[in-house]
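K.L.:
Sending over a structure as structure tokens; questions will come in a sec.
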Amino acid sequence: MGAGGRTFVPPSNRKSEADPLKRVPFEKPPFSLSQIKKAIPPHCFQRSVLRSFSYVIYDLTIAFCLYYVATHYFHILPQPLSFLAWPIYWAVQGCILTGVWVIAHECGHHAFSDYQLLDDIVGLVLHSGLLVPYFSWKYSHRRHHSNTGSLERDEVFVPKQKSGMQWYSKYLNNPPGRVLTLVVTLTLGWPMYLAFNVSGRPYPRFACHYDPYGPIYSDRERLQIYISDVGVLAVCYGLYHLVMAKGLAWVVCVYGVPLLVVNGFLVLITFLQHTHPALPHYNSSEWDWLRGALATVDRDYGILNKVFHNITDTHVAHHLFSTMPHYHAMEATKAIRPILGEYYRLDETPFVKAMWREARECVYVEPDHDTENKGVFWYNNKL
């Protein structure tokens, strides 16, 4: 964990920085995980309870202020302004609550503090408040980190091979079809993944994040899945009483629409982190953990990078060292880029433009026909 000498520094890859669509190398890297770790200053691995809680308090304070303004002042605005104020509230509150989601995600990685119990309590409370089954997601997400880039074992946004494409796919491979696909993915993708494992890895039987006895979980994890379900049900019970007291429209405006924004950003962020024309996927004949962890991409969301606690533009470092707190990830990313060289990918394409490009270009994966590496798969869109 120390900052020892850099034993391997490949030449900087100026061309790949200018051309983010250039394929990353798929050969085994000439560096090891320990060499990458030595390049990172030791303090980047230190977790601070006070600093981590400061982000929780900061985000929740902003969220409460937005709620207070919306519920106490929007109704006295002239009607045209109130119609404008609510969409602004939904967008801003949704972004702030996405930051809260990211902190709970950090708890699931034991990156919040040095105390696992504290991490789980904070993560359970924050995620339950956003209707996320904390432990259920924590365990499936851990398997995603253990199997990133594997076509057989990765847990989320596992691309289909051409032979596995549905018959209707060719009818959606056009601009109107892509719009429809993106709208459904961004609005329903997260609850569909939790409830029905949509876009997840195939299991031999029905898989659901709310089912303690589903194939996603082992026997020792089942009690925590029950706890996750209780957390979500408790929040749903509270929302029910809010609806009875305040009305359905009030709950939808104050909580429901911002939650849709959170879910949409969560899906979009994950999609763009793992879907890119330059990134390979591997089958079991080629996959190994380090190459899989490097088959991710950092993205630029502008000012939202800070709002989302840099989960967007430090994702490569996060996959290499997931217990590192987010407030050190930028420094760590800067330190490891000279080591990674061409294996590092940053795409600064505006995220809306990137979303459309990836929806158009990344339809399925297949090996290159003119190569002997049949275990390495690349995105294609020709149906």
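Positions of Cβ are set from backbone N, Cα and C atoms, glycine also.
For reference, TrEMBL lists these features for the protein:
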- 14-23: compositional bias 'Basic and acidic residues' (COMPBIAS)
- 28-66: domain 'Fatty acid desaturase N-terminal' (DOMAIN)
- 85-345: domain 'Fatty acid desaturase' (DOMAIN)
- 1-23: region 'Disordered' (REGION)
- 55-76: transmembrane segment (TRANSMEM)
- 88-105: transmembrane segment (TRANSMEM)
- 117-137: transmembrane segment (TRANSMEM)
- 177-196: transmembrane segment (TRANSMEM)
- 225-243: transmembrane segment (TRANSMEM)
- 249-272: transmembrane segment (TRANSMEM)
K.L.:
Do at least three CB pairs under 8 A connect the transmembrane segment (177-196) and the transmembrane segment (225-243), leaving out pairs fewer than 6 apart in sequence?
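P.N.:
Contact between the transmembrane segment (225-243) and the transmembrane segment (177-196): absent.
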K.L.:
Sequence-remote contacts (6 or more beyond its ends) of the transmembrane segment (249-272), Cβ cut-off under 8 Å?
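P.N.:
Distant contacts of the transmembrane segment (249-272): 67, 70-71, 86, 89-91, 93-95, 97-98, 101, 130-131, 156-157, 185-187, 189-191, 239, 242-243, 297, 299, 308, 311-312, 351, 354-355, 358.
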K.L.:
Mind tallying the domain 'Fatty acid desaturase N-terminal' (28-66) by DSSP state, helix then strand then coil?
P.N.:
28 helix, 0 strand, 11 coil
